[in-house]
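Going by TrEMBL, these are the annotated features:
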TRANSMEM  13-33  transmembrane segment
TRANSMEM  95-114  transmembrane segment
TRANSMEM  134-161  transmembrane segment
TRANSMEM  182-209  transmembrane segment
TRANSMEM  324-349  transmembrane segment
TRANSMEM  361-382  transmembrane segment
TRANSMEM  402-421  transmembrane segment
TRANSMEM  442-462  transmembrane segment
TRANSMEM  468-489  transmembrane segment
TRANSMEM  533-555  transmembrane segment
TRANSMEM  561-579  transmembrane segment
Amino acid sequence: MGASILSDFGAEILIPVCAVIGIAFSLVQWVLVSKVKLSPGRESVNNGSGAKNGYSDYLIEEEGLNDHSVVLKCAEIQSAISEGATSFLFTEYQYVGIFMVAFAILIFIFLGSVEGFSSKSQPCTYDKSKICKPALATAAFSTISFLLGAITSVVSGFLGMKIATYANARTTLEARKGVGKAFITAFRSGAVMGFLLAANGLLVLYIAINLFKLYYGDDWSGLFEAITGYGLGGSSMALFGRVGGGIYTKAADVGADLVGKVERNIPEDDPRNPAVIADNVGDNVGDIAGMGFDLFGSYAESSCAALVVASISSFGINHELTPMLYPLIISSVGIIVCLITTLFATDFFEIKAVKEIEPSLKWQLIISTALMTNGIGIVSWIALPSSFTIFNFGDQKAVKNWQLFLCVAVGLWAGLIIGFVTEYYTSNAYSPVQDVADSCRTGAATNSCIIPIFAIAISIFVSFSFAAMYGIAVAALGMLSTIATGLAIDAYGPISDNAGGIAEMAGMSHRIRERTDALDAAGNTTAAIGKGFAIGSAALVSLALFGAFVSRAAISTVDVLTPKVFIGLLVGAMLPYWFSAMTMKSVGSAALKMVEEVRRQFNTIPGLMEGTTKPDYATCVKISTDASIKEMIPPGALVMLTPLVVGIFFGVETLSGVLAGSLVSGVQIAISASNTGGAWDNAKKYIEAGASPHAKSLGPKGSDPHKAAVIGDTIGDPLKDTSGPSLNILIKLMAVESLVFAPFFATHGGLLFKLF
């Protein structure tokens, strides 16, 4: 079959070096952002050195801009937002920490009991003629990798949130020099999060594999089976981070809007509104920390799914290390590609006008995809033998290296297609949102899941035809290979949103607010693109994990005509609806508490409406925090307990039906919810802006079409920011949890069917 061109030593050097370069690049971006000072001082004169995208420009002379009190006010607001976000995450982590320890113990007990906690070596699962490490070792190392994945996910989300709250006021201050300077600050800050998360996830996984190898030696199937815990840890944290953050941000947003904008008729982000700080905090904990958790979970799971299948293919059987590490090498090259791509936005070209912002962000996606296609080609040529075999449900399928290249490439380009289709259906520049505004009902938005589903379906067909379940796993990795750029673009949106809020609260001029609004408008569109990527990758990841679960549980075929499987299919298809109902209800409950508190403050604090008294921001932050922590537990428990209950009482066949059903219905609902919510949101903004004759004919604010659009947006907000994004975690997490517990379910599961 031949050997790979890249030596094992070369692969072992390439992966950590790329990860370290990613971390170093993120630190460089942070240093550049930190050059914007949050303290009043004389602005240095631009003497011509480092003028391009630099920090030594004169401030544009506008009313009050050089007033030191404005800078101090920005710093004060930034500090309040940062404290609120940190307080929420620390509170959330206390609860998550308890869960993490409890679930780690559960993993050890369940997997250890497979062979009665025996420490003796056992015949290998996939080759009974060989002896492998004991099940107790798999239990111990799966527990360790679960904790590693959980901690890495938590740290990555926290660091992303900290840089976002560090950069928001700096973006506001840079807007005084022009929209280009503000854009660069916001984008560099997003890049810090993107590169930290991508590089940390890769580095920790690589180190874990090498440390586990010291014990497992030549038992690669046991080693990579234990590594699957890493994906479970990352995804379980993502569930609570996404659901908790989503409930927090929507409770604060709805509370601030309903009382402030509707009842009191004061502008959005008005400092008199008690919920305004909580609203800005929510942007960070929901959209930045939550999205970071989500995409890290996808990356960890797709890597683990690919490694599990590869370990029982010719790579693992023949102990070929470089091809075995192919998924990690793809991610390593992705970091370098994203680094080059980022320079196009921050250094190679300079934004000088508002109209250049959105195209610049879209070009980031196009450039990274084009460069990564070439990178995948090179990696597939040097890291893979010319031909090899891939495990395919008990058989070994012959595969060529160019076929694996196509699997990764089709996932990469499907991600780009999904992103741009999402943008088409959620941007008010195109007809679907304008049709929604015209009809003030779902309109064309409900069709927005058709093209993404076809893109996912084609990816699955091509990648499975070429390389079975391994092909699907690496297609998901292809979609996530430019994760650093995707996260940078996604984090840019909430940073810009916060910058606009700070400009309003600090009393800066209207021209500054226009610039931050332009940044935010582009961020709204790119946030929708990011959610499209997350959902598309989740579909591929969960299918790859499903395949690994079926193989690991020794299920020869999944026959939907079998009653055991069909009942699971029905229940699985229902779960996303149940989960969505729980999260929507949670948002409503949390928002009600916020509305009551904001009303109370307006009614009881003298001078609040006149602006002579400060509102009690801290109480609103605490309400959002407490409500979101309390409300995230039931949906989280539903997702985490379902595979355990079904696997223990009904067995692996029924569980396979549940996973298939939840995947099929979950992807549809997730895309529809995210895109419909985004379309409703932008339909309302389209009417409010009144930028075209058509929009003016539907307005002004307060008209019947506008009221209908506001109602749609009230429903759409939790759809696109809480339920929709959380559903992709549901389908991934249930699949990876089933894979980790597969040995236990296969041995001891199906208690009810054994009794009767």
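Yeah, the Cβs are placed from backbone N, Cα and C, and that goes for glycine too.
Caution: TrEMBL annotation is automatic and unverified by curators.
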For the transmembrane segment (402-421), sequence-distant contacts whose Cβ falls under 8 Å of one of its Cβ atoms, 6 or more beyond its ends: 326, 330, 362, 365-366, 369, 372-373, 376-377, 380-381, 384, 448, 451-452, 455-456, 458-459, 462-463, 466-467, 470-472, 474-482, 529-530, 532-533, 535-537, 540
Surrounding residues of the transmembrane segment (561-579) on its own chain - C-beta under 8 Å, 6+ positions past either end: 635, 638-639, 642, 646, 650-651, 653-666, 669-670, 723, 726-727, 730-731, 734, 753
Chain residues in Cβ proximity to the transmembrane segment (361-382) (below 8 Å; excluding those fewer than six residues from its ends, i.e. six or more beyond): 4-6, 326, 329-330, 333-334, 336-338, 340-342, 344-345, 401-402, 404-405, 408-409, 412-413, 415-416, 419-420, 423, 478, 481-482, 485-486, 488-489, 492, 522, 525-526, 529
Folded-back contacts onto the transmembrane segment (13-33), same chain, C-beta under 8 angstroms, at least six residues removed: 6, 163, 166-167, 170, 185, 188-189, 191-196, 198-200, 202-203, 206-207, 325, 328-329, 332-333, 335-336, 339, 342, 484
